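Notes for the one structure printed next.
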Amino acid sequence: GTGERQPPKDKWSNFDPTGLERAAKAARELDASRHAKDALSLAQMQEQTLQLEQQAKLKEYEAAIEQLKNEQIRVQAEERRKTLSEETKQHQARAQYQDKLARQRYDEQMRQQQQANEENLRKQEESVQKQEAMRRATVEREMELRHKNEMLRVEAEARARAKAERENADIIREQIRLKAAEHRQTVLESLKTAGLLFGEGFRAFVTDWDKVTATVAGLTLLAVGVYSAKNATAVAGRYIEARLGKPSLVRETSRITLLEALKHPVKVGKRLTSKAQDALEGVILSPQLEARVRDIAIATRNTRKNKSLYRNILMYGPPGTGKTLFAKKLAVHSGMDYAIMTGGDVAPMGREGVTAMHKLFDWANTSRRG
């Protein structure tokens, strides 16, 4: 209130005993009641409940305290982790900065070393150039001195030789005169001796007619023998060339020469033992043309078997269409030989081309297979 009432002097001044009286009365009524035990049990249960509630609250309070401790530990750990992370970053930054400084120092050292090496190289090159110039000057000086000494020596020798020749000119002329007289006398005596011998021999030869006759006959026989041997050798060479050799116009042939048999015996043996091949093996043609060409191959083979007259074949077309290949296959299929030549080889021969063509046909006529 807002009155002028004075505060109590002690704590018992405002005490109201009615409450205690009512509690005592209730206790007496409760003792007198038949439900006193139940009320006591209920009171005990309430007290126990209150104790349990107090214990639960105490547990919750302890759990809250424990949770606060855990949270505090987590916060401390987080703070410690952040601190470690920050320290790690600081260490990394410090290490990167130190590495950068070390790299800069290393680059600076390398640059200084390179400059020092370049300076040393330049000094060495200058020193080498100076030494080379000094050596070249020394060599040139030596060559010059040597040339002067050589010239002086040659001049001294020439002077000495000229002086000696002037002093000995009479003696040298007398020696030359004596040598010339001796040579002249020797030549004259040799000519006289040869003339006497030749004259006596010719006189004896002319006076003896038997010797003259024998000499003329011998010379005649010698000339006839040389001429006959030359012609016989030419004829034999042409015969051997026609039989065994290969004309220069033939680029490729299936005929086996003696020289080829000696060089490649295995290859020649395989060719001799090989069987007749199909004329169109490896040749790709249109069906109509293939039928026509196969008829030609069969007719040619039968013509050779029957020893009849052959027909000539003219094949035309752009390069690479199989004309030469079919010609070779046709010859092998029919059991004949083939020879390949080109007109471009005849033109450069000029007038010799006719003789080469005759040799070619003579050589072809010697084939026993046709």
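From the backbone N, Cα and C atoms, a Cβ is placed for every residue, glycine too.
Taken from TrEMBL, the feature domain 'ATPase family AAA' covers 5-251.
Annotated region 'Disordered' per TrEMBL: 106-131, in sequence order. Residue counts for the region 'Disordered' (106-131) by DSSP state, with H, G and I taken as helix and E and B as strand, are 26 helix, 0 strand, 0 coil.
What TrEMBL records for 119-131 is compositional bias 'Basic and acidic residues'.
Residues or ranges marked as domain 'ATPase AAA-type core' by TrEMBL: 313-366.
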Counting by DSSP secondary structure, give me helix, strand and coil numbers for the domain 'ATPase AAA-type core' (313-366). 32 helix, 2 strand, 20 coil
